[in-house]
Ligand SMILES: Cc1ncc(COP(=O)(O)O)c(C=O)c1O
């Protein structure tokens with residue numbers, strides 16, 4: 001049985017640390033894991049040419065620091081690798097006005113999976129025709145927004161949704177508009193995560209139309225017969241943080257099979273095949289993700305072979321990377337507040353094992369992934385390097401929750417102290433976008449760094465922002481001293 005995520009003290013034994021052996025250099029920045037611009041300058045971490053102490057002083061902590069060159073470089077890598085295909089940035093990973101503009105300017109497409117993600121993209125001026133809208137329960141309002149804005153595709157996910165969409169599409173056509181372009185989201189019966197995939201499982205979930213039951217074919221035929229809808233193609237998405245291409249290949253095989261069935265049943269040759277997102281990234285130095293170039297080559301080869309076998313023309317490919325574009329280029333900076341050594345037990349040879357609980361000024365409200373998915377992260381002491389021997393640590397947040405863990409097991413220099421800055425790597429995807437106000441902590445700002453300049457692209461939430469939602473507190477001043485301002489340096493601080 002799994003121990004309580006906070007630690008094993010409730011049990012009678014001390015499990016071996018899952019941190020592995022301490023690395024030779026505790027301050028090393030593995031290039032797979034850290035943003036492309038990350039450097040140590042006189043021991044201090046610099047991102048986009050900016051020292052982290054300056055960023056923390058100016059913007060406070062916790063702070064998301066986004067390396068613009070890394071983010072846009074990875075988007076460009078996908079665009080180049082998938083030349084001739086459509087690369088949709090999956091905006092659920094991280095979206096704000098500035099990111100929408102970068103993606104628009106760099107020529108990519110964008111995936112929204114709610115009406116509000118769509119609204120953010122449109123408000124930032126993102127070209128509607130390059131947006132696809134996902135969602136298993138799109139409301140009438142969300143669908144109407146998509147239809148009125150003239151987005152590229154609605155990725156339909158249920159028969160109810162088709163029923164809702166048809167009258168809107170008819171009204172648009174009656175007003176002189178074009179049919180609404182649609183992809184059918186299919187459930188291909190494949191689940192892939194990280195190192196493995198299961199090709200017989202995962203029908204039992206909420207997304208898409210099942211291939212196995214014939215619902216996907218029924219939906220496709222239904223859409224084709226609706227004059228106000230245009231069936232542009234098929235979509236499948238098989239999971240996230242995938243490290244090899246076998247699952248995509250199996251999915252491509254199945255979904256191209258459906259292209260063939262649709263052709264047989266209706267004579268229609270569909271023009272697009274969207275194989276979704278899920279390309280993995282390195283959170284830890286040992287992680288070994290595939291490159292966009294290799295994924296693109298494999299997918300092209302497999303789709304071409306499957307189409308040739310069915311005597312079908314090769315459709316235009318589309319993919320939806322989110323994490324692989326947004327994830328690696330962002331780092332979260334935290335300030336250490338307290339350090340608590342906790343004895344774990346004898347550790348086998350009689351020597352007491354100790355784990356330092358290093359508490360920082362954020363936590364599960366700005367990164368829920370460790371608590372939610374048991375995700376693995378790494379972090380370094382950021383404001384300086386140290387020659388002190390390694391100490392087994394667990395980096396935890398300040399929430400009233402023992403599962404509030406950011407980095408479960410790692411080695412940090414044993415002289416880390418309150419006031420030091422920690423940088424957690426690869427937090428660009430599904431961290432800010434999943435942030436909450438648990439314990440009334442405030443959502444951190446996002447600062448984009450590039451060539452020695454820093455721009456706050458999302459400001460820190462204030463207590464007054466939160467008060468404004470409260471029937472009793474709206475309009476009231478926050479108590480003094482204001483606790484939503486960047487913290488003054490900790491008195492014990494070791495920031496250089
Ligand atoms: C339909 C769809 N496309 C793309 C993505 C993006 O996945 P990732 O960020 O892992 O690339 C997701 C993630 O859940 C998704 O559901």
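Using the three backbone atoms N, Cα and C, a Cβ is placed for every residue, glycine included.
Unlike curated entries, TrEMBL annotations are predicted automatically.
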One of 278, 362, 363, 397 listed by TrEMBL as binding pyridoxal 5'-phosphate at the site of 320, 321, 322, 323, 430: 278
Stretch carrying region 'Disordered' according to TrEMBL (options 1-26, 27-52): 1-26
Neighbourhood of ligand 1 - recorded positions from 323, 373, 400, 401 with Cβ under 6 Å: 323
Rounded to the nearest Å - Cα separation of residue 430 (substrate binding site) and residue 92 (N6-(pyridoxal phosphate)lysine): 7
Mapped DSSP class for residue 430 (substrate binding site), helix or strand or coil: coil
Among 373, 430, which are binding-site residues, the residue with the most C-beta atoms within 10 angstroms of its C-beta: 430
Separation of alpha carbons, residue 323 (substrate binding site) and residue 92 (N6-(pyridoxal phosphate)lysine) (Å): 9
Spatial neighbours, same chain, of residue 400 (active site, proton donor) - Cβ under 8 Å, 6+ residues apart: 439
Recorded positions listed as 92, 323, 369, least Cβ neighbours within 10 Å: 369
